[in-house]
Every structure is written in C-alpha cells, then in structure tokens.
Amino acid sequence: MLDQQLLIGTVFLAGLASFLSPCIFPIIPIYFGILSKGGKKVLNTFLFILGLSLTFVSLGFSFGFLGNILFSNTTRIIAGVIVIILGIHQLGIFKIGLLERTKLVEIKTSGKSTALEAFVLGLTFSLGWTPCIGPILASVLALSGDEGSALYGASMMFVYVLGLATPFVLFSFFSDSLLKRAKGLNKHLDKFKIGGGILIIVMGILLITNNFS
C-alpha cells in the first residue's frame, strides 16, 4: 500500500514538474489570456483541462495495453535504463536534440473564447508541448505500462494530469494575484528542471528494481 501511495505521489509530482518546465511555465499568461475571453475563465479552464486529459489518458491506456503484451523483466529494465538516460538529459549533462523541439500549434480564436475553442486549445497544448515534456512524460508512460493493464495505465496518466492541471485550476480562480507572483518564479525554472531530472532518474531506478510490483 505504501509503495502504491509513493508511486501515485511521484506521478503527481511529475505532472507538477511538467507545468513548471522552462518551455511551458513562461507562456501560461498567454493561455490564460485566451481562456479569459468571454468572462467564462473557470469554465474554459476546465474544458481546456478536459482536452489535454483526453490526449494523455489515451496515451496511458494505450501504453498499459501494450505493456500487457510487451513488458517482461528484460523490457522493464531496458525501459528503466532509457528513463534514467532521459533524466540525465533533463539535468542538462547532455542533450537529446529531438526532445528540445516543440511543435507550436496556432489556434485562431474569436473575440470571445468559446467552449469548443477552450477544449481544442487543450488538445493542441497536449500535442504541441509533448516533445518538450517528453522526458517526464516518457517516464510516467513507462510506469503506466509496467503493470500490463490498460486501465492501470490510464489511471496513472490521470494522476499525471491532476498534477499538471492543479496549477491551471488555481490560476483560474486566483489568476490576478498568482500571475503577478508567478513572474518571480521564472528565474528559478532551471532549478525546477533539475528537480524534474532527479525525479525522472528516481522513476527509472524504481522501474529497474521493480519496487512498485
């Protein structure tokens, strides 16, 4: 039970670390500028979260299903080694060029942000920034596939989305005060990135040692 609670906490922190990544956190005010149109900021934020949840939970479901077919002790160890390499990349010891790229997806919005536009913005957020948060995301997906259950994989990614989405919810309710304070965090983003790298390495070690089985 303790191991499972530790796993859930680790995955939740991984989602939070994704929010604080140097490529996402600085542009949060832009997203809230769009979501605030029409005076339905809270509703639009939840629809935005629904959009990004659809992508990530679907990924978890798929990896959990594939894990049932492909995962063995050997593949688990290989996956753990790859996750550790991704963690080292996150620390900046060396760079993997593919993971430094982002696919910027432009979305045209009307004068007022509609429910559909907020949902689509969530989908494009997921697809556009996946390369940037790739090391963390890949680590969580590896953990999702380890149990060989599609529902387990989906639930792990749901926990990841909770970690990623919680700051969005807080910003939607307290955007004015939080956005002002958030500017001061920009100078610490490199430290958050290092923390994310350490978290990734820990997940890789846990995969190799199979501590969550």
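Placement of Cβ uses the backbone N, Cα and C atoms for every residue, glycine included.
Feature annotations, courtesy of Swiss-Prot:
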type	residues	note
TRANSMEM	15-35	transmembrane segment
TRANSMEM	46-66	transmembrane segment
TRANSMEM	77-97	transmembrane segment
TRANSMEM	118-138	transmembrane segment
TRANSMEM	154-174	transmembrane segment
TRANSMEM	192-212	transmembrane segment
Two-stretch contact, the transmembrane segment (77-97) and the transmembrane segment (192-212), at least three Cβ pairs under 8 Å: yes
When counting Cβ pairs under 8 Å to the transmembrane segment (46-66), the leader among 15-35, 154-174, 192-212: 154-174
Long-range Cβ neighbours of the transmembrane segment (15-35) (under 8 Å; 6 or more residues past either end): 41, 44-45, 48, 102, 109, 113, 117-118, 121, 125, 129, 132-133, 136-137, 140, 159-168, 171-172, 175, 179, 182, 185-186, 189-190, 192-193, 195-196, 199
